[in-house]
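K.L.:
A single structure is presented below for examination.
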Amino acid sequence: MALRFILGRAGTGKTRLCLEEIRKELRQAPDGPPLVFLVPEQATFQTEYALALTPGLSGMFRAQVLSFRRLAWRVFSEVGGAARPHVGDVGKRMMLARILARRRNELRLFGRAAGQYGFSGTLAGVLSELKTYLVTPEALEQAVRMLPGTAETDSLQAKLEDLRLLYTDFERELAGKYIDPDDYLTLLAARLGESPTLRAAEVWVDGFAGFTPQEYAVLEALLKAAARVNVALCLDPRSGRREDLELFQVTRDTRARLAELARKNGVELERPVELAGPPARFRANPALAHLEREFFRRPTKKFAGPPENLRLVAAASRRAEVEGAAREILRLSRERGWRWRDVSLVVRNLADYHELVATVFADYGIPCFIDRKRPVRHHPLVELIRSALETVTENWTYDPVFRYLKTDLVPVSRGDVDLLENYVLAHGIKGAKWADPEDWHYRRSDALNRPVPNGTGAPAPSDRDRYLREKVNRIRRRAARHLLDFQRRVQAAGTVRELTAALYDLLSDLDVPGRIEEWSREAETEGRLEAAREHRQLWDGVVELLDQVVETLGDEALTPEEYGRILDSGMDGLQLALIPPALDQVLVGSLERSRNPDIRAAFVLGVSEGVLPGRHGGTGLFTDREREVLLAAGLEVAPDTRRKVYEEQYLVYIALTRAGHYLWVSYPLADEEGGALAPSSVIPRLRELFPGLREETLALEPEGTAPGADLPYVTAPGRTLGFLVTRLRDWKSGVTVDPVWWSVFNWFAAHAGWRERCAPVLAGLFYENREPRLDPELTPELYGSRLVVSVSRLEEFRGCPFAHFARYALRLKERDVCRLAAPDIGLFFHAALKTFEDRLREAGMEWDALESADCTRLASAVVEELAPQLQSEVLLSSPRLRFLTGKLERVVERTAGVMAAHARHSRFQPVAVEVAFGPGRDVPGPAYPLPGGGSVELAGRIDRVDVAHTDNAAYLRVIDYKAGPRSLALDDVYYGLNLQLLVYLEAGLREAAALAGRECRPAGAFYFRVQNPLLKGGTPVPPAEVAPRLLKAFRLQGLVLDDPALLRLMDDAIGSESAIVPAGLKQDGTVKKKPGVVSAAQLERLQEHVRRVVAETAAEIQAGVVAIAPYRKGQANACRYCAFKPVCAFDPLLESNRYRQLRALTAGELWRLLGLPEEDEPGDE
């Protein structure tokens, strides 16, 4: 029994010495005693590979490269001790979730967190840490007693008591039945001495700076059992400088502790091997040798001259940083002939970089292996399991059903799934309807607007409707068959074992194993080796998960919801740990995990403040302060703050001394959101050590103008093509660009394979997103030979001609969804008020005689009658929408009450409601001649026409109901963006004889908001003020003539302000100037202008104008709520895409443009 240390600074050859000694033993006695090389888990593959490459070896039977965990399995296979089922991370999470649910009400501190998603995973991590530090439940109990009873420790005491309770329960559930992998090393330490293999073995330990208490226990057992243990440690064996002592404090502590264990157990402490000379790794590179030796030493010894093979880079962003590293790796490969495996890229926070590295390296054609455990939450198999369970527990709601169908693991094509999804959304299908044995026979209808008769007389479905219905029913049966079988099995299951069997049957019925294997083979064929192994590993992981569920919870009775939550927690814990699938790859890893012997170049990225060296706060359940208190109480649960500082220093040292030939150190100046990032203290230290080091700045895109300035960006063809497009766009904008890009352009043009890819990309540079006019012969086919248009259609054209083209020519529309949206509510209110008016007439009642009780009774009857007719009974489809029905009823009731109040104060009375005008409707619509010949006829529906009679004349006004706030801006009328009220007024006046029995004069045109307003105020509203304030809340908005007598017809109580119309009278009885008040001449001029706008707009439609030309007026623009943005691809950054800027007009400017004299601006005189 002997212990020998192999000591040396970074690069002195400690690992090489270990390997050479093992090789020498293998050559001298291939069948001699075992040789064990103990290394960190992540280094086993590379170390084994390095040993296997040794020339001249006749065999490696004696040598074994092992991690602590693999050593445990080797010993257990010899001496036993691990026959019980093993509970992995997933099984532990599920077991702890059950314990938390059982103990939740007894926990002092964790009671609330116990039910939170993911807490069982946090708890599993804490228990793992406790076991790593050999802390037992009894030790926790002892620590509670040792804590001082202060306010500071109350929370810690509660935390420890909860942990002791949960830890005890966990151990009790394991006892005699299962083995926790976190106990492997504890068991190994106890049984290692029984291993016949290790008694005569020689062991080398390399790659560690320190060990956990569990690992120290194993090493102690090894010292007592093995013939000799060699431990390689990175430290300077001869330097007594304070800086060196601090730098290697971690490894010095490790050496001291191991030496103490040797002395304690009577193990001979051999003379150490001291590799004290200059590190061989940096022999050919003086700058890197200087960096290794002097980085932590004071006073600073500066390096003379520019350092070769050392680069310091400040990047605009993390992406620019990774792209710059990728370009440099390509350069090193091409110019120096280095293999990919000669290069390592390390970062401290891999989570910030791994997706960027994977994407960018793929763009540059650099093969890489990212050393991290892959979460599997994204994988279709996990989504299939999760969504299948949710479908059953949530009664077949839309979201889980279609997540299940879109996994590509169900025998339904994506096209069929899309068709089925559209049908289901349009008809609101969910729940038991999926299990209906009869065919689905749903009709998409809107009974409030386009009634479809039920029963006899209903229009027969078209051939297309029948074909679609038959196809949808075939698809839905195929889609739901396995899921319905799964639901029946789940409903019949009583235990976890039966629920798991039901789930496994579903996976088997769908042939998931075969499909996963097929995906894996496809990925291998395409060269995506990591993806291929991911698929296979995940299937094995899921099967193991199901086994653990049954093993740990098999006979427990759980509801499907509880089972789903436990399984969800287990799948969250599933992670894939892959070995490098190829030998020649750039290895990418976090600084703590990566072990790369014999690399030439190291790229250290992300050297930002607080990252390297890192800041430390509490992790897991304990804060740093709590760990210090526990250490004082005799309980070690993690390194203290002082040791962490030393560990950070050591990590910086390791990062900077990885490679012997080339070192790249970089930091980003900003994060993904543009927030500034400061460089680490490492950066100014490098500047101080190397005055001749030129710090480079990397932009994401090339920006050079001088010849050759952008040459570093010319690397991989795929990425270079993107840069070429950027630079040519700059050139097109008048910017001087590096001439190298013309050579790049010529290269792409000369290479056939790239010429085809390059052509459409470069064509985009000169593409103008414009739409030419339609062929004159095509327009009549699209719009018909006779132009009949609605006002909203004209307004849409004025907003953007292309939006009109998309809706009315291409007939594009968003897919139907059975839900209650704002247009549906507006439609409901229109129908409700019309029905209310009909019921009034049937009862022989007038509006002005309507009482509050009448409003309540009629509103209830109307809403009850109409609710089933809206959107396939959408108002009856859920408790929330049934509650909303009650609110809609109160709105109708309140609105009717206000309309009755209007009637009592006004001579205007409704003469017609829901007046449809246009060809074949209630009355003809306005028709206007077009400049090029022909005419346009307008169609629409006026919500209400009111008339007031005097001795001399009759006056007509139109009212349009709105479910939301709406006002009339006269400049919107001028620009054609709001034509509705003026067109409706003209339509009413033209057909006044038919509607009112006589010709009428115009009185006004208004919006009436249907609402149940909340009267706001700092104090309760006095009862006497409620009615007047309600009237004001319902005040009509729009246009009214400036005739005092006419205003009194509309509001017999009008004063300085009307509660009914947007007008008021001065003290002298004349009309106040307000935005909505116009003279008869002004109204006539507005109507003339509207006629002209209608004719011009119709002429442009006939002429085939489809320009992508949305308007912008102030903050408003045509694109804000447009559904066709993905179709037109309007981009204001393109020169060819610009908004039509419409200037807001004052009233004076408006009348001047219409040829009338300017007047004083309206106000609230």
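Glycine residues also receive a Cβ, built from the backbone N, Cα and C atoms like all the rest.
Sharing the features that Swiss-Prot gives for it:
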| type | residues | note |
| --- | --- | --- |
| BINDING | Gly8, Arg9, Ala10, Gly11, Thr12, Gly13, Lys14, Thr15 | ATP binding site |
| BINDING | Cys800, Cys1119, Cys1122, Cys1128 | [4Fe-4S] cluster binding site |
| DOMAIN | 1-298 | domain 'UvrD-like helicase ATP-binding' |
| DOMAIN | 279-584 | domain 'UvrD-like helicase C-terminal' |
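Walk me through the surroundings of each of these features.
P.N.:
Other Cβ atoms within 10 Å of the Cβ of Gly13 (ATP binding site) number 17 in total over all chains. DSSP assigns Gly13 (ATP binding site) to coil in the three-state reduction, outside any helix or strand.
Secondary structure at Cys1122 ([4Fe-4S] cluster binding site), taken from DSSP and collapsed to helix, strand or coil, is coil. For Cys1122 ([4Fe-4S] cluster binding site), applying a Cβ distance below 8 Å and a minimum sequence separation of six or more within one chain yields Cys800, Ala803, Pro1110.
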K.L.:
Please list, in sequence order, every residue of the chain apart from Cys800, Cys1119, Cys1122, Cys1128 whose Cβ lies within 8 Å of the Cβ centroid of the [4Fe-4S] cluster site.
P.N.:
Gly799, Phe802, Ala803, Ile1108, Pro1110, Ala1118, Phe1124, Lys1125, Phe1130
K.L.:
Using the centroid of the Cβ atoms of Gly8, Arg9, Ala10, Gly11, Thr12, Gly13, Lys14, Thr15 as reference, list every other same-chain residue with Cβ within 8 Å of it (recorded ATP site), in sequence order.
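P.N.:
Output for this site, in sequence order: Cys234, Leu275, Pro279, Ala280, Arg281.
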K.L.:
So if I draw a 10 Å sphere around the Cβ of Cys800 ([4Fe-4S] cluster binding site), how many other Cβ atoms end up inside it?
P.N.:
25
K.L.:
With a 10 Å radius around each C-beta, find which of these binding-site residues (Thr12, Thr15) has the fewest other C-beta atoms nearby.
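P.N.:
Per-residue Cβ counts within 10 Å for the binding-site residues Thr12, Thr15 bottom out at Thr15.
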K.L.:
Quick one: give me the count of other CB atoms within 10 A of the CB of Arg9 (ATP binding site).
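P.N.:
That number is 24.
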K.L.:
Can you tell me the mean pLDDT for the domain 'UvrD-like helicase ATP-binding' (1-298)?
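P.N.:
The predicted confidence over the domain 'UvrD-like helicase ATP-binding' (1-298), as a mean pLDDT, is 87.
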K.L.:
10 Å Cβ neighbour count around Gly11 (ATP binding site)?
P.N.:
22
K.L.:
How would DSSP class Cys800 ([4Fe-4S] cluster binding site) in three states?
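P.N.:
In three-state terms, Cys800 ([4Fe-4S] cluster binding site) counts as coil.
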K.L.:
Tell me the Cβ contacts of Cys1119 ([4Fe-4S] cluster binding site) under 8 Å, same chain only and six or more apart in sequence, or just say none.
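P.N.:
When sequence neighbours closer than 6 are ignored, Cys1119 ([4Fe-4S] cluster binding site) has Cys800, Pro1110, Lys1125, Phe1130 within Cβ distance under 8 Å.
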K.L.:
Here are some binding-site residues: Ala10, Cys1128. Which one has the most Cβ atoms within 10 Å of its Cβ?
P.N.:
Cys1128
K.L.:
To the nearest whole angstrom, state the Cα distance for the pair Ala10 (ATP binding site) and Cys1128 ([4Fe-4S] cluster binding site).
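P.N.:
Between the alpha carbons of Ala10 (ATP binding site) and Cys1128 ([4Fe-4S] cluster binding site) there are 61 Å.
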